[in-house]
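Taken from TrEMBL as is:
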type     : residues : note
TRANSMEM : 5-24     : transmembrane segment
TRANSMEM : 67-88    : transmembrane segment
TRANSMEM : 136-152  : transmembrane segment
DOMAIN   : 141-253  : domain '3-oxo-5-alpha-steroid 4-dehydrogenase C-terminal'
TRANSMEM : 197-221  : transmembrane segment
Amino acid sequence: MYPNLLKLGFILMTFFMVIMGGLINTVEQHLPLFIVQTFRYGKCAYQGKSSFFIKPIEVPKRWFGHFYIFAAIFTTLAAIVVCNVYILGAKLEPWLLICLDLLASGRNASVAAILAESHGFIHLEETVPQIALKDVSFLNVSGCILFLWACYQQSKMGFILANLRKNNKGEVISVKHKIPHGDMFEYVSSPHLLCEILMYLGLTFVMWGASIWPWVFFWVLTNQVESALLTHQWYKTTFSNYPSQRKAIFPFIV
């Protein structure tokens, strides 16, 4: 047997975020500068003298667009493969199954070795279980509804943030940060991050029983909560009139 690399990776990233986030939130002033500068970014970035180790490899936040482009291409290709297999009944090639074995399955390596020696395509019925409508549970449907609702809410929060820099004609007139108001912003500082968590929670319900996805959710949860805590702290430090009743990410809680 060999380890599930994706699962192991998300477990390590989750624990890293919990540990580093806890240190940043409690004893940041005692941490080495390169750790603080590595962890913080964007408007919450460290504003002092740059660390010798980090400065050569630090990139501006606007470069993050490259990651979204890569993710969009990868997600599109993955969606095409899934639709071809589960809807059109296409066949998988051995090399793709070997990659899935190495990354995610955790099955015996000899399976991948046997497939590597085979010729042509692997039939769908030999590799991928068919899904019937009766297999869709109430939890799956609820997860789908939650995901779609969270997507809609996140887009609304994005428009509120974007409009802070625009006039009534839709023209960008300022790049300064302002206090957002309205809708979920009346309860938390980062509702768009809360919506991100709810989206992944919805996907967790849709894929209930998967061995890897819960750790994907935990990684997103810890990452978004820490980002929200740093953002909330930045808002309160930057704006003296920031609404005191707002929480960081979970209404009435934190």
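From the backbone N, Cα and C atoms, a Cβ is placed for every residue, glycine too.
Since the structure is predicted, the reported quantities are computational estimates derived from the model, not experimental observations.
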>> Suppose you look only at the domain '3-oxo-5-alpha-steroid 4-dehydrogenase C-terminal' (141-253); what would the mean pLDDT be?
In response: 93
>> At a C-beta cut-off of under 8 Å, are there same-chain residues at least 6 beyond the transmembrane segment (136-152) that contact it? List them, or none.
In response: 195-196, 198-199, 201-208
>> Quick test of the contact rule: Cβ under 8 Å, at least six residues beyond the ends. What residues does that give for the transmembrane segment (5-24)?
In response: 31, 35-36, 39-40, 102-104, 106, 211-212, 215-216, 218-219, 222-223, 225-226, 229-230
> Looking only at the domain '3-oxo-5-alpha-steroid 4-dehydrogenase C-terminal' (141-253), what are its DSSP counts of helix, strand and coil residues?
Replying inline: 69 helix, 4 strand, 40 coil
